[in-house]
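S.K.: The structure under discussion is supplied below as structure tokens; questions concerning it will follow.
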Amino acid sequence: MTGCPWHLTKLWYQKLPEFCHVAYHSRQIKYNFLRPSSSFTLLQRPCTHIGISGPPPMERPVKRARLAPDLAGEEDTVPGRVSTPLASLHRSITPPPRARSQPRAVSSALCSDLKSDQAEDLKPKQTDHTRSNRVISSPVQLTHIRDFAEQRGYNVDTVKLRDILGDPMIRECWQFNYLFDVDFLMSNFDEDVRSLVKVKVVHGSWERESANRVRVEEACSRYPNVEPIIAYMPERFGTHHSKMMILLRHDNLAQVVIHTANMIHGDWANMTQAVWRSPLLPLQKPGTPATASIKPGFATGARFKRDLLSYLRVYGPKKTGPLVQELNRFEFDSVRASLVASTPSKQMYSKLDSDKATLWGWPALRDVTSRISVQAKARNGNQQPTMQPHIAIQISSIASLGQTDKWLKEVFFKALAPTPTAPQPKYSILFPTPDEIRRSLEGYGSGGSIHMKIQTAPQQKQLQYMRPHLCHWAGDGSSTSNCIDLSEETPRKREAGRARAAPHIKTYIRYTDAETMDSIDWAMVTSANLSTQAWGAGVNQSGEVRISSWEIGVVVWPELFLDEKPADSKDAGSVTALMVPCFKHDRPDIAQPDHVAEGESRTVVGFRMPYDLPLTPYSASDEPWCASASHPTPDWRGQSWIN
């Protein structure tokens, strides 16, 4: 806005939401039917009131590595070629903020428009006691929710797909996923380079008549720079469920992104999802030994690299061979995570050794958690021995696990907690109820991606042994109307701000203490739901662990982020690490007295929470959401779900 007074510019942005009020309430709501699910009919009924006050917030331009903001939205049409002249040469440029000689109090209105790190810089300086503690933001982010009003603060520190793919420095992009809308994917690249970026779309729809395959191949044919790749699928009931991006850049950097969303618009709009992004990885220094010639230690960047390349090699040299060669040139030392993945495979359990080769499925998970438990024991050694850990399993799908709890308790629970403790961990499984689906932002429209079958006798037996572990996703009770209630008159003590965004995210978190749930021993974000296809069946009579599907995830824990000692530390005490839940933002709050101890320097790592704490167990009358059943009760949109 060249020549426009700054006070008028500010007034324009303040009034802009009011101008869009009418357009918001008259817009048509479109369901995304790309996701495969059981057939159903949505019955339209009148909804006299929608409890969302005001229009959605106007989104600020996405930050990217360029001089001007990108004003194109996610649903812009995709041009077939780069426009000439470049559109970026004609965009307005936002000037830098005015310099201030001294920090001053920041109003709540201003804070809502600042990035968290900017607001943090304006806060008063820390005391000498807290200065010796390193504070690290969450290594995992939540995705932006489109229909949340900005003033609620629920989208602070969140990420959009455009934030990941909109960088014009990207030269090659490998997309691994289950479902694809190629047009949606391409719309999120920078419009000046989207016809130049080499894009590989890796999916598992191997059957020629598969609707997803037909859709992907037809769309890819319209983009000369996009190539579909069908994953190796030897198991009949397996799926290519991994969700990962690998980005290669013009500046000789690379990045690995592991997340939980399908590559379709609906998953990136109003559903709760998570994203883990590696740092930008540099090229290896000349003379660095090849990965195959070294034995990487546990919890190192070299181990992460070895496991990632092992995962990619399973696809076969003709499919991912070029990517393996490319990534082998990069240094992964800055990565702070362990990779836990699944590939279609049969592993001889008695011969597994993660120091010699990459493990898959629950054996890989068990190996990581057993090694973490040693570090956690040292960290929590001075605490009361009666403290009970709490492991929360939060998923979007529960498959058939058998009529008994043998696999759940003897295989999977022991993979989550392989080291005996006294008392034994408490286990919770978070899964939404029909009422929580009805009151979600998309209503029943979000139910097609959340699955648990409870209709047959064997399925009821499974529900019976799982019921003691089941907890609500939102946990805020039934509404007396069919409308969304987003009021904050009675806010929960620790509210994550995702109760109305139905969960497609998958998290597995071990809390140190079941009573307080204020510190985390480890946390995992993954594509893997609760199923034997994803994690692997129990050891069979031949001594093998059989896995059917492709999955990928990362595990993080406090000690990964521990340096020898903070540079400004004045203490002579020990250096410890702590991971704490973060609500509505990524940065941990170290003001709590339990998080800082005299005589020690502490690294405090945040973990962005997707759900509220404490958890709310199912009542005797609660049932989990079942997409294959009929739900005649209208959702807040006035729709019914009929099978």
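Including glycine, each Cβ sits where the backbone N, Cα and C put it.
According to TrEMBL, the record shows the following:
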- HIS241: active site, nucleophile (ACT_SITE)
- HIS504: active site, proton donor/acceptor (ACT_SITE)
- LYS243, LYS506: substrate binding site (BINDING)
- 71-107: region 'Disordered' (REGION)
- SER531: site 'Interaction with DNA' (SITE)
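Explain the structural surroundings of these features, please.
M.R.: Sequence-distant neighbours of HIS241 (active site, nucleophile): residues of the same chain at least 6 apart with a C-beta under 8 Å from its C-beta are TYR178, GLY204, SER527, ALA528, ASN529, ALA534, SER549, TRP550, GLU551.
Within 10 Å of the C-beta atom of HIS504 (active site, proton donor/acceptor) sit 24 other C-beta atoms, taking all shown protein chains into account.
Counting only same-chain residues at least 6 apart in sequence, those with a Cβ under 8 Å from the Cβ of LYS506 (substrate binding site) are THR260, GLN394, ILE395, SER396, VAL525, THR526, SER527, ALA528, ASN529, GLY553.
Of all Cβ atoms in the protein chains displayed, 24 besides its own lie within 10 Å of the Cβ of SER531 (site 'Interaction with DNA').
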S.K.: Restricting to the same chain and to sequence separations of six or more, state which residues have a Cβ under 8 Å from that of LYS243 (substrate binding site).
M.R.: PHE176, ASN177, TYR178, ILE258, HIS259, THR260, ALA261, ASN262, SER527, ILE552
S.K.: Sorry to bug you, but what's the C-alpha spacing from SER531 (site 'Interaction with DNA') to HIS504 (active site, proton donor/acceptor), rounded to the closest Å?
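M.R.: Just about 15 Å between their Cα atoms.
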